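Comments concern the structure below.
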């Protein structure tokens, strides 16, 4: 192998810069400050940089004009995001700290360490880009479903030959991700007829009763053997305890392993009707991220990565996980390998941390994979 382990002190210094810039998805200006810093790193490496609609940034390294028209010359797409789930002020409650082989801090594991590792890998390539070059897409809104960046991600996938995602690997096992469940959500809004609960209950049509029936019947659509989960996580309704409720609503979280399962559930949710014909129901929502189904191209990418890891002296495994990423948008279009960021644990949790004893090896893995893919 030609790469040498990156200096941990240099990785930490860059990660500290990004972590100190709190960047909740709900504050686009704060997210753009992180992007400005990262764009500076890209320019230092000679990248052609572009700001797209909605705040997405694209950095191109060695990509030739017209390459998207020739499959053999298409670039490698690398996906990352600058936003985090943590609100402003979290650093005061969860300060940056090193505890043995763990670096703690909000947004470090998911996924600012992934950004830092990527740019250290790009520096290590020293301008020796893979065939077709590299396109890095930096999203501002991955943590809230990528509403503004999805179209840019899918367009970039069509213009690329493979996608690498620097989200963190699986906690504990440090496995790469060769599949992810698709994610969706629904809101069902019920409108019934209000009446006095004591005097004339028969004149009322309970929206809450309909919502309760829907909860039980729609959750029965789950199919664990097929990787389909459906959960009613929020339910609300009513105006007073002595009033037959005229209004109610519930919210559903959906996870699916295949598009066929998504279509089955979607049809059933939209077809559901209250037993009391006086109650109406409005359904909004659907699939947000399509399932990242494990395909032959993705497995071939994983085998490349596994061979690199073995040459570097460590073992690598792979897994399908329940959470979504921007890789869900590229996987239906091109081979996609996820989990190439920093090892650790605690995404979206108080114990979020990066494993410092493993991080440099995973940066080397990314470097050599970019060199060879």
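Note: Cβ is positioned from N, Cα and C throughout, glycine not excepted.
Classification of residue 83 (active site) by DSSP places it in coil, neither helical nor stranded. Counting every protein chain shown, 27 other Cβ atoms lie within 10 Å of the Cβ of residue 83 (active site). Positions annotated as active site by TrEMBL: 83.
Annotated active site, proton acceptor per TrEMBL: 142, in sequence order. Within its own chain, residue 142 (active site, proton acceptor) has 25, 81, 83, 149, 325, 326 as residues 6 or more apart in sequence whose C-beta sits under 8 angstroms from its own.
What TrEMBL records for 178-272 is domain 'Peptidase M20 dimerisation'.
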